[in-house]
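**Q** Below is one structure. I have some questions about it.
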Amino acid sequence: MFDSHRSICKPSMPTPWPLGSSFPSLHQTMAPHDNFIASHNVASVLAEVKEQPSELVDLSLDSTVEEAFDVLLANDILSVPVYRVEDETKVYVAIVGVLDLLKFTTIQPAIDNLNTQSQVLPDFGTLYDRSQFLLRPLKDVIGLTPESAQLFIVHPSDPLSELLRLFTSRRVHRVLVVDDGAHTPREMLSHRAIDLTKFNAAKRISHPVLLSQTDVVRFLWRHNHHLGKILDTPAGGIANRSRRLFPSSTLLNPEPENTVIVTIHQTALQAFSHISSTDVQAVVVVDDDGEVVGEISAGDLRGLNRNRVMDLVRPVIMFLRNTQGQLFRPLMCHARFTLSQCVSALVKGEAHRVWMVDEEERPIGVVTLSDVLSVFVPATEE
């Protein structure tokens, strides 16, 4: 109830700050998660999740699309730095992800024609001959997504908040980390190459390191006891958050809720075409009742070659069983689940998303790594 007596009370004089005491610092007045983010940098992440970084897997601009698909599958990775050689030196020009390769594949006439259900499917030999696009060089793929259109560079001394900004507002999933002695801009157009091998003087980084969204989420989860009440945020407030805050200028509909579903009756190619046209990394597969039975992502296209192109016209469920060995149900949550529960599931399940479902397990949204990281972007960065 409104207290009329209090509303007319004279304002009291401010209480003097006790002599001999100090004013609270900025970090003391910040929320715990903001304080944690402000207190760490890229080196903090490297020290914990990249203690012994493996040799960087990379490919030359002259490598073929088919070779890239094979390398991604063989190394169980989703992207690869691409370089050209100048004076016997590797000069990195872009990071090509599996989504770039997927987009390149689905726009090919030989593949796009397979989406026409009324058309008689070509025999294997004909389709093999039409799949020569897989022999084209990677330089033809660069620029199909924000991740490959610009080469993003960070240094160990860069603040963690800068890394979070790149992983959310710039819609990239991986960056290259180079020595602090490299005075390079944070982002470079693909045609303006950077000779990273000149910047490897630091003992901490003997060669460029690929740092991903997954690495940062794992780092945050290791310090969940420092993040405070932000971890109690309901999943309903996180789902699709990154796309709402930082919508893609290339999409007419930045909201993915009504564009992430394919049915068990659609082909794998239709699912991949859906991923390509909606600029998402994965779509959820539902049965005749609309309940979740699986998911198909850009990563499921890894290993594509001319001998396997015919697999694309298989029903999505059959394609997934063939590539994965069996059909796996994806991670799911309800809107009432917390950010803490979602992050725990993502880290322990080594997953990239959690599908939010209703009581009948029908999909109503998705919590991605980008959504999780967007929660920790400082307010001034949003």
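Glycine too: its Cβ is placed from the backbone N, Cα and C atoms.
Those TrEMBL annotations? Automatic predictions, nothing curated.
Found this in TrEMBL, in case it helps:
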- 51-113: domain 'CBS' (DOMAIN)
- 144-204: domain 'CBS' (DOMAIN)
- 252-312: domain 'CBS' (DOMAIN)
- 326-382: domain 'CBS' (DOMAIN)
**Q** Limited to the domain 'CBS' (326-382), I'd like the whole-number average of pLDDT.
**A** 92
**Q** What counts of helix, strand and coil residues does DSSP assign across the domain 'CBS' (252-312)?
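**A** Computed counts for the domain 'CBS' (252-312) are 22 helix, 15 strand, 24 coil.
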